[in-house]
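Following: one structure in structure tokens, then a few remarks.
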Amino acid sequence: MNREALRLYLVTNRYQDSVESFLAKVETACRSGVTIVQLREKNLTTNQYYQLAKQVKEITDAYQVPLIIDDRLDVCLAVDAAGLHIGDDELPVSVARKVLGPEKILGVTAKTVKRALEAEKSGADYLGTGAIFPTTTKENAPITLISTLKTICQTVAIPVVAIGGLTSENIDQLMGTGIAGVAVVRDLMQAEDIEAKTQAFLKKLHNILS
């Protein structure tokens, strides 16, 4: 897939926001330059997830930003999202690819070189690797060394996105790893000024990814 689309990857978390406030944040982020959005809301019923996905897709479509659905293949297909992201404990990559078909984007979490190679072989379009730094989004997530991230980038032909505790202040440490982009949750979703924070990320990424 196009590496540029993965440059600044927003992963959502509603925290305590109302639906209206949450959607406003997503809209601001899309307007300000995020290049892809993943809807990741673990605590919703299927219908709640579906309804929220429809609303988010209206926003992402308006800004021509791809929408990725986390975990839920059914919701991805129901709203005709651009793609699906699956983790270690979810559908086998080959099964997800078979159901999605060749046109949808398929992202896969890969914390090791072995998993990265397996995912690539089974049809993944990109990999999400981390947590690079400690994160409150997944409090017990094991840390992936930056050296491991770099090795994964060098080993696979598909793009790799770093994730986990990433902020506009610490992403400089990813210079030279070969990543296609960074996935950000808290530092964007809870920013006081999402537009300014998005621009800060994009400015840093211009140097890191060039």
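Quick reminder: no glycine exception, Cβ is built from N, Cα and C everywhere.
Marked as 4-amino-2-methyl-5-(diphosphooxymethyl)pyrimidine binding site by Swiss-Prot: Gln38, Leu39, Arg40, Glu41, Lys42, Asp70, Thr109, Lys138. Other C-beta atoms found within 10 angstroms of the C-beta of Asp70 (4-amino-2-methyl-5-(diphosphooxymethyl)pyrimidine binding site) number 21, with every protein chain shown included.
Feature annotation from Swiss-Prot assigns Mg(2+) binding site to Asp71, Glu90. The Cβ of Asp71 (Mg(2+) binding site) lies under 8 Å from the Cβ of Arg40, Lys42, Leu84, His85, Ile86, Gly87, Glu90, each of these being in the same chain and 6 or more residues away along the sequence.
Long-range neighbours of Gln38 (4-amino-2-methyl-5-(diphosphooxymethyl)pyrimidine binding site) (same chain, six or more residues apart, CB within less than 8 Å of its CB): Tyr9, Leu10, Val11, Thr12, Leu67, Ile68, Ile69, Asp70, His85, Gly107, Ala183. Max Cα-Cα distance over the annotated 4-amino-2-methyl-5-(diphosphooxymethyl)pyrimidine binders (Gln38, Leu39, Arg40, Glu41, Lys42, Asp70, Thr109, Lys138) is 16 Å. Residue environment of Lys138 (4-amino-2-methyl-5-(diphosphooxymethyl)pyrimidine binding site) contains 15 other Cβ atoms, counted within 10 Å of its Cβ in all protein chains. Between the binding-site residues Arg40, Lys42, Glu90, Thr109, the minimum number of other C-beta atoms within 10 Å of a residue's C-beta occurs at Lys42.
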